[in-house]
Amino acid sequence: MSLSGWITIAAFFLCVVAMTRPLGGYLQRVLEGQPHFLGRIFGPLERGLYRVAGIRWEEEQSWVQYATGVVLFSAVSFVVVYALLRFQVLLPLNPAGLGPVAPDLAYNTSISFVTNTNWQSYGGETTMSHLSQMLALAVQNFVSAAVGIAVAAAVIRGFARRGAGTIGNVWTDLVRVTLYVLLPISVVVALFFVWQGVPQTLHGSVEVTTLEGARQTIALGPVATQEAIKMLGTNGGGFFNTNSAHPFENPTALSNFVQVLCIFALGTALTNLFGRMVGREREGWAIFSAMALLFLIGVGVTYWAEAHANPAIAALGVDPALGNMEGKETRFGIAASALFATVTTDASCGAVNAMHESFLPLGGLVPLVNMMLGEVIIGGVGAGLYGVLLFAIIAVFMAGLMVGRTPEYLGKKIEAREVKMTMLAVLCLPLVMLGFTAIAVVTGPGLSALSATGPHGFTEALYAYSSAAANNGSAFGGLTANPFWNLALGIGMVVGRFFIIIPVLAIAGAMAAKKVAPATSGTFPTDNGLFIALVSGVIVIVGGLTFLPALALGPIVEHLTMLRGTLF
Amino acid sequence: MTIVRTIRPALVVFLFLSVVTGILYPLAMAGVAGYVLPRQAGGSLVMKGDRLVGSTLIGQDFADARYFHGRPSVTVGPDPADPSKTVAQPYNAAASMASNAGPTSRALVERVAAAVSRLKADNPEAVLAGLPVPMDLVTSSGSGLDPDISPQGALFQVARVARVRHLGEETVRALVDRMVERPLMGWLGEPRVNVLELNLALDTLH
């Protein structure tokens, strides 16, 4: 560990805090339909679109209509992406002449991108034509992120409104978030990435003769535009197989710093949007603080763990000073790799700039735990906020039980229906993560995909299903997904997305209809340190109780065997 | 007709957003980037004389003792004898790949042990001088295309390169020192040496 490494982490955190309010304010203008610069330019286009689509844009929707819209839009997305991948061989912009994507892989990839997971069972440069990258995958990078933010906005409206029957209009939310938030920021970020060295070209590849006279084929493509939205929309699906470790995706320490900032930018802004819309920004900062606490612990542990050399390698007489460099890039070193790994799994991004599979057991434990906790530490765009609100409901419910009062959040009574919906959402994730892992490690097709044996192999399976259900998309990359895995991971991703979105919208609908009870001396305040501690405590305790046995079989036992010098 | 009424917004909005984000955005940006930042947009390619020798961002498989070597790469390529199989092809920039070896993998430790022996055999002067084996020169990178090595990794090879090229060690060491890229503002990023740029500069020394 070095001073410059800690400065990098501190500077990152300060930048995140500094961006939260301005971005939150802008999100509010866009989502509440207030006038803003881009709206004045593109407003006529937007309203023209609504007329063609038959959308009554001034009308709002009930939670059922809103949820129906989300599901329909995702279904259309799935069908189109699947078709594009299957037929890419007949379509233009395929300079490498790549064949159709296999059915199970196309199914897995479509679900993966539609659910904002971006799990990649394929190597980008060897599987996807440029048209598939742009029209199938990059589009989903935008719209699946927009769906997340839209749902979060609807949920926030549910908490903010009193005696209301509607929670917004799904179509205007989707269009505005894409046109006025995701796209303009992506344009700026993409240009920045090009300046740093990320290619943006329609050429497929270039042939060079190296200094020693060998031929080298260098894959190129429209990388920068995909890179920008990949981070900003917490998607994580790389243009190239090795994602943000590839020098063309992430060429410098500065591009890396901006990438991690982009991952957190909108997630933190949504906490501020929450505070603004419920009328007290402090409520947003309380949620942010609970998240920030868990983030800082996670990044500290990962950095500490990875700064150690693998003892088996140090024993060969290798200088341990650089830390665990297997699977890491020289330009990033340990600090920037540990920061990236923590951020990408706190949020549901899943991009990687170093190979998590090659992390030391405790270094790899943190990303795994981040995903198991449901990615509520900042979290995916939208998904993080509506995820953490579920834990906030559990927190006030528990606080209510302890003092014997009806639990309230923001002046609204939390009743049986809300708690049931919350538990449905909170229980779905571990069911998928642990259930599928259990099946995978006792069946032939499940085991045949694993690259490692011993506890590391178990962790590989556990990591994959955690990543899928949490809609993260990062992997212990040694795993080679076969049809069984593609199918099971696809189910995991759908459950992880829609079994959260639908209950959470139901909660929003119920909350919107409630009246607000005036605060009394007996009201449990939800903007102070006690609440922050309670929320982060609930997140850790629920996660810990659920996952500790599985973690003990994986990374923890691997750490102990590593210290004993056992190899597999 | 309810079905049509329900699904029409989904279809039209999807189509509209696809055109904007999937076609206009990347194509317009390719145009702008190609005009404003043509070198970077095209892949940061470098020429030596009139020959395209690579990209400064993509590592190359240096094996000749005259050149500084990069980190081990585990990328593979199609087997020339049987294209359905793959063989080791370090620094294959058409198919990036990492080892994804776990920390308790026997294969990893054996591979690193072999790399340590090879590195020591290649650089007897460094071993004699008691320089420690740099971690980056025996571990494979995340992309398999890492263009950089650590300054320690370059210094470890100075004596060998100087010997093979009949240059003074100080000359080569001074070149390495000059080629070290330091962290931005003193803290952002790791000190590193771009191997291709170092070797290009080396070829201009006499």
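Backbone N, Cα and C define each Cβ position, glycine as well.
Counting same-chain residues at least six beyond the ends of the transmembrane segment (A:6-24), those with a Cβ under 8 angstroms from any Cβ of the stretch are 257, 260-261, 264-266, 268-273, 275-276, 281, 284, 288, 292, 295-296, 299, 303, 335-336, 339, 343. Look at TrEMBL and you will find A:6-24 (among others) tagged as transmembrane segment.
Long-range contacts of the transmembrane segment (A:63-85) within the same chain: residues 91, 100-101, 105-107, 109-111, 113-115, 128, 131-132, 135-137, 140, 143-144, 147, 150-151, 154, 158, 167-171, 174, 497-498, 501-502, 505-506, 508-509, 512, each at least 6 residues beyond the stretch ends and with a Cβ under 8 Å from a Cβ of the stretch. Among the features that TrEMBL reports, transmembrane segment is placed at A:63-85 (among others).
As annotated by TrEMBL, transmembrane segment applies to A:134-156 (among others).
Remote same-chain residues near the transmembrane segment (A:177-195) are listed as 26-27, 30-31, 36, 38-39, 42, 46, 142-143, 145-146, 149-150, 153, 224-225, 227-229, 231-233, 255, 258, 262, 265-266 (criterion: CB distance under 8 Å, separation of at least six residues from the stretch ends). Look at TrEMBL and you will find A:177-195 (among others) tagged as transmembrane segment.
Marked as transmembrane segment by TrEMBL: A:253-273 (among others). With a cut-off of 8 Å between Cβ atoms, the residues of this chain six or more beyond the transmembrane segment (A:253-273) that come close are 8, 11-12, 15-17, 19-21, 23-28, 31, 145, 149, 152-153, 156, 181, 185, 189, 192-193, 196-198, 227-228, 231-234, 244, 281, 284-285, 287-288, 291, 331-332, 336, 339-340, 343-344, 346-347, 349, 351, 353, 378-382, 384-385.
Annotation source TrEMBL lists transmembrane segment at A:285-305 (among others). Tertiary neighbourhood of the transmembrane segment (A:285-305): same-chain residues 1, 5, 9, 13, 20, 268, 271-272, 274-275, 334-335, 338-339, 341-343, 346, 359-360, 362-363, 365-367, 369-370, 373, 376-379, 384-385, 388-389, 392, 526-528, 531-532, 535-536, 539-540, selected by CB-CB distance under 8 Å and a gap of 6+ residues from either end.
Residues annotated as transmembrane segment in TrEMBL: A:376-403 (among others). Below 8 angstroms of C-beta separation, residues 116, 145, 147-153, 155-156, 159, 232-234, 264, 266-268, 270-271, 274, 287, 290-291, 294-295, 298, 343, 346-349, 370, 409, 414, 418-419, 422, 425-426, 471, 500-501, 504, 507, 522, 524, 526, 531, 534-535, 537-539, 542 of the same chain, each at least six residues beyond the ends of the transmembrane segment (A:376-403), sit close to that stretch.
Per TrEMBL, transmembrane segment is recorded for A:424-442 (among others).
Outside the transmembrane segment (A:484-508) by six or more residues, the chain places 63, 66-67, 70-71, 74, 104-105, 107-108, 111-112, 115-117, 119, 121, 151, 154-155, 157-159, 167, 383, 386-387, 389-390, 393, 417-418, 421-422, 424-425, 428-429, 431-433, 436, 439-440, 443, 445-446, 449, 464-465, 468-471 with a CB less than 8 A from a CB of the stretch. Among the features that TrEMBL reports, transmembrane segment is placed at A:484-508 (among others).
Residues annotated as transmembrane segment in TrEMBL: A:529-553 (among others). Residues of the same chain lying 6 or more positions beyond the ends of the transmembrane segment (A:529-553) and with a Cβ under 8 Å from any Cβ of it are 286-287, 289-290, 293-294, 365, 368-369, 372-374, 376, 388, 391-392, 394-395, 398-399, 426, 430, 433-434, 437, 455, 458, 462.
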